[in-house]
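What Swiss-Prot annotates here:
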ACT_SITE  HIS12  active site, proton acceptor
ACT_SITE  HIS119  active site, proton donor
BINDING   LYS7, ARG10, LYS41, PRO42, VAL43, ASN44, THR45, LYS66, ARG85  substrate binding site
COMPBIAS  1-13  compositional bias 'Basic and acidic residues'
COMPBIAS  15-24  compositional bias 'Low complexity'
DISULFID  CYS26-CYS84  disulfide bond
DISULFID  CYS40-CYS95  disulfide bond
DISULFID  CYS58-CYS110  disulfide bond
DISULFID  CYS65-CYS72  disulfide bond
CARBOHYD  ASN34  N-linked glycosylation site
REGION    1-24  region 'Disordered'
Amino acid sequence: KETAAAKFERQHIDSNPSSVSSSNYCNQMMKSRNLTQGRCKPVNTFVHESLADVQAVCSQKNVACKNGQTNCYQSYSTMSITDCRETGSSKYPNCAYKTTQAKKHIIVACEGNPYVPVHYDASV
């Protein structure tokens with residue numbers, strides 16, 4: 001079974017994007033990372049930093065998660081990210097996404113030993 005940490009990595013880490021500048025990036029990535037199996041995942045963020053840099057956020061600024069839990073952490077520095085958002089015309093199995101690039105602080109929920117990201121909470 002896929003661990004929560006491995007799932008986070010599959011869903012959110014793309015350290016060396018080949019074609020992030022392309023408007024097709026989200027359509028390709030959401031499919032290749034299995035985020036369109038059974039349904040179209042409505043929103044997803046990919047972080048273009050090393051896994052080590054993203055894991056390090058778990059020892060940075062402690063903040064409350066959207067759901068009120070206290071195990072979320074905000075990155076001290078901005079990170080290069082791409083937001084993928086389902087378009088109005090998207091219909092499973094032909095999931096369609098809008099690709100938006102940004103540089104933002106990321107907020108992740110961390111748990112376990114080692115203490116690693118298991119959920120992507122927000123970007124600010």
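Cβ from N, Cα, C; glycine included.
Projection of Swiss-Prot feature records onto the structure.
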residue: ASN34; record: N-linked glycosylation site; contacts (Cβ under 8 Å, 6+ apart): ARG10
residue: CYS40; record: disulfide bond; contacts (Cβ under 8 Å, 6+ apart): MET30, GLU86, SER90, LYS91, TYR92, CYS95
residue: LYS41; record: substrate binding site; contacts (Cβ under 8 Å, 6+ apart): MET30, LEU35, GLU86, CYS95
residue: CYS58; record: disulfide bond; contacts (Cβ under 8 Å, 6+ apart): TYR73, VAL108, CYS110, TYR115, VAL116, PRO117
residue: CYS65; record: disulfide bond; contacts (Cβ under 8 Å, 6+ apart): ASN71, CYS72, ILE107, ALA109, HIS119, ASP121
residue: CYS84; record: disulfide bond; contacts (Cβ under 8 Å, 6+ apart): TYR25, CYS26, MET29, MET30, VAL43, ASN44, THR45, PHE46, TYR97, LYS98, THR99, THR100
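Residue environment of CYS95 (disulfide bond) contains 21 other Cβ atoms, counted within 10 Å of its Cβ in all protein chains.
Cβ neighbour count for ARG85 (substrate binding site): 14 (other Cβ atoms within 10 Å of its Cβ, all protein chains included).
Under 8 Å, Cβ to Cβ, and six or more positions away along its own chain, LYS7 (substrate binding site) finds VAL118. ARG85 (substrate binding site) and the residue listed as 'active site, proton acceptor' are 14 Å apart (CA-CA, integer value). Residue counts for the region 'Disordered' (1-24) by DSSP state, with H, G and I taken as helix and E and B as strand, are 9 helix, 1 strand, 14 coil. The recorded positions considered are CYS26, VAL43, CYS72, CYS110; of these, VAL43 has the fewest other C-beta atoms within 10 angstroms of its C-beta.
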